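What Swiss-Prot says about this protein:
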BINDING   Gly12, Gly13, Ser14, Ala15, Ser16, Gly17, Lys18, Thr19  ATP binding site
Amino acid sequence: MSTYPIIIGVAGGSASGKTSVAQAILQRVGADRIAHIDHDRYYKDLSHLPLEERAKFNFDHPDALDNDLLVAHLDALCAGQSVDLPTYDYATYVRLPQTERIEPRPVILVEGILIFYEPVLRRRMQIKLFVDTDADLRFIRRLRRDIVERGRSVESVIEQYLATVRPMHLEFVEPTKRYADVIFPGGGRNPIAIDMVVARIEAALQATP
């Protein structure tokens, strides 16, 4: 398989700081050179279920995500084709008709909690980063995010964390740390590690014909 574009994976637990690391890379390497994809966009549509059942769905299990579509999109971008990213509504748990078109770029950056779990995704990545953050800090960040950005109640966030987020992290996310080329401790606030990753990306871009 061609190594162009360069595919970078940023994994880690929920609210670990993956997006902060991704944004740092985007700023340093240049957003015009990176196609940025969030794995959360690929949650399966639950519109066929009653809203009450959707709210109880285990979104932290690998089966909750449409990885076939993500793989197809990655392969299309690598083939020089534009793709239409799905849009997911976290308040109603459905895939919306609106999409976001992204064009091929020299770098594809994929972030998500489970992107290292699936071998079919992992094999496509040349650089794999894992953001390692204390569980208490991740929970606080998730609580704030889900209330402010996703319209969730405190009770629903806590219930979901205890029922699925924490156990699924221990079963499916934490073990994938071993696949990482670089581990970011402390929530990704590590400028030295960012410098190393950016230097590696730039070197790979220069070496690509």
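Counting starts with 1 at the first residue shown.
Cβ atoms are placed via backbone N, Cα and C, with glycine included.
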Cβ neighbour count (10 Å, all chains) around Thr19 (ATP binding site) is 18
Near Ser16 (ATP binding site), how many other Cβ atoms are within 10 Å of its Cβ? 27
Within 8 Å of the Cβ centre of Gly12, Gly13, Ser14, Ala15, Ser16, Gly17, Lys18, Thr19, which other residues of the chain have their Cβ, at the recorded ATP site? Ile113, Val131, Thr133, Arg138, Arg141, Gly187, Gly188
Cβ proximity for Lys18 (ATP binding site), under 8 A, sequence spacing 6+, ordered by residue number, returns Val10, Ala11, Gly12, Glu111, Gly112, Ile113, Val131, Gly188
With Cβ-Cβ distance below 8 Å and at least 6 positions apart along the chain, what are the contacts of Gly13 (ATP binding site)? List them in sequence order. Ile113, Val131, Thr133, Ala135, Arg138, His169, Val173, Glu174
If I restrict to non-local contacts, at least six residues apart, and a C-beta distance under 8 angstroms, what lies near Gly17 (ATP binding site) in its own chain? Val131, Thr133, Arg141, Phe184, Gly187, Gly188, Arg189
State the count of C-beta atoms found within 10 angstroms of the C-beta of Gly12 (ATP binding site), not counting that atom itself. 31
Report the same-chain neighbours of Ala15 (ATP binding site): residues 6+ apart in sequence with Cβ closer than 8 Å to its Cβ, ordered by sequence. Thr133, Arg138, Phe139, Arg141, Arg142, Arg145
